[in-house]
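As recorded in TrEMBL, the features of this protein are as follows:
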type: BINDING; residues: A:Arg42; note: L-glutamate binding site
type: BINDING; residues: A:Ala76, A:Ser77, A:Trp102, A:Thr152, A:Asp172, A:Gln195, A:Asn237, A:Thr238; note: pyridoxal 5'-phosphate binding site
type: DOMAIN; residues: A:5-348; note: domain 'Aminotransferase class V'
type: MOD_RES; residues: A:Lys196; note: N6-(pyridoxal phosphate)lysine
There are 2 protein chains.
Amino acid sequence: MSRAYNFCAGPATLPESVLKQARDEMLDWRGTGMSVMEMSHRSDAFVEIAETAERDFRELAGISDDYAVLFMQGGASSQFSTIPLNLLGSKTSADYVNTGIWSKKAIAEAERYASVNIVASSESSGFTSIPDPSSWQVSADAAYLHYTPNETIGGVEFDFIPDSGSAPLVADMSSTILSRPVDVSKFGLIYAGAQKNIGPSGLVVVVIRKDLLGKARQETPTMMNYQVIADHGSMYNTPATYSWYLAGLVFKWLKAQGGVKAMGEINRRKAEKLYGFIDNHEFYANPIDPRFRSWMNVPFTLQDDALNSAFLEGANARGLLNLAGHRSVGGMRASIYNAMPEAGVDALIQYMAEFAQERG
Amino acid sequence: MSRAYNFCAGPATLPESVLKQARDEMLDWRGTGMSVMEMSHRSDAFVEIAETAERDFRELAGISDDYAVLFMQGGASSQFSTIPLNLLGSKTSADYVNTGIWSKKAIAEAERYASVNIVASSESSGFTSIPDPSSWQVSADAAYLHYTPNETIGGVEFDFIPDSGSAPLVADMSSTILSRPVDVSKFGLIYAGAQKNIGPSGLVVVVIRKDLLGKARQETPTMMNYQVIADHGSMYNTPATYSWYLAGLVFKWLKAQGGVKAMGEINRRKAEKLYGFIDNHEFYANPIDPRFRSWMNVPFTLQDDALNSAFLEGANARGLLNLAGHRSVGGMRASIYNAMPEAGVDALIQYMAEFAQERG
């Protein structure tokens with residue numbers, strides 16, 4: 001088929017122009033006689049690719065020199081252990097906010113290294129909202145406060161940056177990074193698996209305030225030691241070079257779209273259209289507190305679960321792909337990251353309207 | 001330029017036909033309407049890609065069902081800690097053979113978790129040979145014996161499989177995997193960073209005998225726990241999907257070349273040609289004990305180091321790239337992995353002959 005609209009939560013759709021450039025450069029990057037994936041990571045050509053990507057990322061996200069940017073491997077899930085191993089220092093406890101499945105995974109891994117204090121949880125209400133910060137029980141001696149600004153599976157997103165007091169604030173931004181402006185200076189550490197808003201899987205980007213480096217526990221694997229990775233410009237060993245290159249192409253594309261501010265406006269519009277349509281049609285429902293609905297991941301249900309298969313089949317036939325919800329929650333989910341064009345959201349809405357009319 | 005001959009030690013050259021296929025499939029993999037790097041790792045299409053790659057790899061390397069094959073992230077360097085964390089079990093020491101820079105890196109990392117016994121070392125002779133096994137001091141209670149069958153930087157390679165007694169044998173095969181037939185049944189664990197003989201960086205393949213699973217220490221990060229990765233078919237989290245796909249294309253290419261046996265004959269011929277030329281020309285020298293010269297990485301020096309720059313410049317002008325030796329040893333190094341065609345070795349030899357004649 002021609003290019004479909006791919007609503008997968010990750011690995012996710014990439015800008016078509018990025019893929020075209022990657023295709024055109026596959027056998028010979030700018031006259032070097034080789035593909036980027038064949039280049040020594042220490043070659044001038046790759047170092048230029050890597051440094052340009054970091055510079056563009058810093059510019060897009062507004063990251064000051066107080067922070068190191070690391071291009072690591074192992075996905076966000078590896079960071080679930082890397083974070084306590086590096087940030088606990090002499091402390092023994094960390095604060096975590098529980099707003100869904102990804103929060104819980106981060107918590108479960110941290111519990112293997114630290115005493116975890118659950119500052120707040122929306123579990124009792126089925127993770128459909130964000131706990132009111134006035135109720136949070138922040139610890140006095142936590143090494144850091146961890147939260148998940150956007151829950152990819154639940155489709156719930158913070159519209160504020162929590163106050164972590166004197167403890168550094170740590171955020172899993174895998175599914176929200178670069179989707180709207182964020183004040184990075186409020187954070188001690190931000191991490192993001194690449195396969196949603198940055199590039200292909202196999203890369204995780206870490207933004208860490210430099211004063212937090214150098215505190216890794218003795219048992220930390222060297223490849224997980226932020227200080228080591230920072231000291232070597234993310235090239236202590238061979239990094240995921242091709243993923244890094246593709247991330248760089250995505251950053252260039254984002255800049256051409258007007259950057260994160262312009263992207264945020266488009267994303268707001270895409271989300272408002274889709275939620276607006278759902279709210280206006282009894283046939284569809286979204287369970288999330290409207291204030292905290294994710295701009296990136298839009299879960300929804302049909303009036304009758306028995307129609308799910310027919311809905312997905314019809315969607316597939318129109319090239320609207322991967323709309324099934326996560327196996328842990330069921331229903332539908334449309335992930336509408338940066339690279340999902342507004343026309344894709346329009347096509348989805350049109351299909352949903354027709355399906356509801358036929359079957360509702 | 002047109003495609004060059006790229007002698008980089010890794011990331012290394014890939015078969016041109018693999019890159020062409022990747023290029024042609026970049027925007028739409030077999031009518032799915034998306035690139036492989038945009039696919040859910042849990043989709044039927046990607047699961048087929050992943051399973052086919054594993055099946056082909058097992059067939060090529062001759063891996064029985066007694067072994068699990070894991071597609072992990074973080075490179076071979078991550079395995080330096082993953083191995084002791086998983087294999088020590090209730091033991092406190094491990095045996096290591098020291099044959100060069102990569103052995104030493106593995107040893108340094110293992111020392112953070114275990115008491116390391118250096119069974120044998122060729123350091124005093126400048127790592128130019130392999131220690132005679134009759135002199136090895138194997139421990140009675142080692143959790144495993146680790147060695148590096150091919151030292152990428154030094155260019156020294158085992159031509160035999162060591163006897164590790166009752167301890168499992170562990171091998172870093174990053175730069176030798178699939179380059180010649182190996183009896184996998186002699187090993188407890190084999191690991192290989194992909195960026196030499198398998199595919200792009202960002203992937204590390206682990207072959208582990210199943211009875212060695214399930215012994216990870218408590219502090220092992222979940223993403224480094226072999227049992228967890230094996231139980232989830234290497235999809236506990238999102239794997240490096242695009243690298244996995246490319247590895248699969250390389251495996252198909254290897255099969256089309258006649259498999260590892262045919263490849264071994266080609267590699268032997270390539271190596272013998274190049275070493276033969278070096279030995280026959282006083283202008284060039286290779287310091288390695290002839291019995292243990294690597295088939296994959298051929299270091300050599302010129303008669304006069306002052307000519308190094310001119311040699312590299314002339315090589316670049318002919319599209320013979322990345323011949324500079326590793327920064328830690330200097331001189332030259334030609335890496336001639338599976339994907340380096342025999343014609344590339346011929347072109348290198350011709351250039352070396354002409355250069356020696358002009359400057360010798």
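A Cβ is built for glycine as well, from the same backbone N, Cα and C atoms used for every other residue.
Annotated features, which come from TrEMBL, shown on the structure.
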residue  : record                              : DSSP (3 states)
A:Arg42  : L-glutamate binding site            : coil
A:Ala76  : pyridoxal 5'-phosphate binding site : helix
A:Trp102 : pyridoxal 5'-phosphate binding site : helix
A:Thr152 : pyridoxal 5'-phosphate binding site : coil
A:Asp172 : pyridoxal 5'-phosphate binding site : strand
A:Gln195 : pyridoxal 5'-phosphate binding site : coil
A:Asn237 : pyridoxal 5'-phosphate binding site : coil
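Here the recorded positions are A:Gln195, A:Lys196, A:Asn237, and the ones sitting under 8 angstroms from chain B, going by CB atoms, are A:Gln195, A:Asn237. Taking every protein chain shown into account, A:Ser77, A:Thr152, A:Asn237, A:Thr238 are the binding-site residues, and of these the Cβ with the most other Cβ atoms within 10 Å belongs to A:Thr152. If you take the C-beta of A:Asp172 (pyridoxal 5'-phosphate binding site) and look for same-chain residues 6 or more apart in sequence within under 8 angstroms, you find A:Ala76, A:Gln79, A:Trp102, A:Ala106, A:His146, A:Tyr147, A:Thr148, A:Pro149, A:Tyr191, A:Ala192. Across the recorded positions listed here (A:Arg42, A:Lys196), the residue whose Cβ sits among the most other Cβ atoms within 10 Å is A:Lys196. When the recorded positions A:Ser77, A:Thr152, A:Gln195, A:Lys196, A:Asn237 are ranked by how far their Cα is from the Cα of A:Arg42 (L-glutamate binding site), A:Asn237 comes first. If you measure from the Cα atom of A:Lys196 (N6-(pyridoxal phosphate)lysine) to that of A:Thr152 (pyridoxal 5'-phosphate binding site), you get 10 Å. The Cβ of A:Gln195 (pyridoxal 5'-phosphate binding site) has A:Gly10, A:Pro11, A:Ala12, A:Gly75, A:Ser201, A:Gly202, A:Leu203 as same-chain neighbours under 8 Å, each 6 or more residues away in sequence.
Sorted by the number of other CB atoms within 10 A, the binding-site residues A:Ala76, A:Trp102 start with A:Trp102, the lowest.
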